[in-house]
Amino acid sequence: MFHILSAMIWLGGMIFYVIVVMPVIRNPKVKEQKLTLLQLTALQFRKISYILFLLLFVSGLGMLYTKGYLVQGQFVSFFTSNIGYMFSLKIGLFLLLFLSSLYHDFVSGPKTFVFLENDPVMFERYRKLSGFFGRFNLLLSLGITVLGILVSRGVSVF
């Protein structure tokens, strides 16, 4: 329950950001507040994101445990099965998403705003880098979601 709800909030928040927040920020009527709005919404979503990451991690482990996959003896045989490969891929993508989000939220994003006033070349570089990582994180999140749906249905692509 917590796992699905957390995933819905995370993915829904990212999609909302792309299809609602970004178009509003690009509107000429808010040109003067554009970067302030972007920074404030990013900081707010960041607070929620890491709580969701923790919930997703803990609830994911909890689901594996309640299904008996983390019991000694079952662990190796599970992760060498087709569905186990799917779980391994999902966990690997989740770790990649977490690391990518850390970079986006604590390196490229903040540096974008640091260079805003005094270095237009570096500002543009980090703005593009932040945009890339934002899109990359959305695609990773969609992939993880698809894998989660397939695994929950017992479907394996391996």
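From the backbone N, Cα and C atoms, a Cβ is placed for every residue, glycine too.
According to TrEMBL, the feature transmembrane segment maps to 6-27 (among others). Here the transmembrane segment (6-27) has Cβ contacts under 8 Å with residues 34, 37-38, 41, 45, 48-49, 52-53, 55-56, 59, 134, 137-138, 141-142, 144-145, 148 of the same chain, all six or more residues outside its ends.
The transmembrane segment feature in TrEMBL is assigned to 48-65 (among others).
Under 8 Å from some Cβ of the transmembrane segment (85-103) lie the Cβ atoms of residues 49, 53, 56-57, 60, 64, 69, 78-79, 133, 136-137, 140-141, 143-144, 147-148, 150-151, 156-158, all in the same chain and six or more residues away from its ends. The feature transmembrane segment is assigned by TrEMBL to 85-103 (among others).
Beyond the transmembrane segment (132-151), the same-chain residues lying 6 or more positions past its ends with a Cβ under 8 Å from any Cβ of the stretch are 7, 10-11, 14-15, 17-18, 83, 86-87, 89-90, 93-94, 96-97, 100-101, 103-104, 108, 157. Sequence annotations record features per position, and here TrEMBL assigns transmembrane segment to 132-151 (among others).
Beyond the transmembrane segment (48-65), the same-chain residues lying 6 or more positions past its ends with a Cβ under 8 Å from any Cβ of the stretch are 2-3, 6-7, 9-10, 13, 71, 87, 91, 94, 98, 101, 105.
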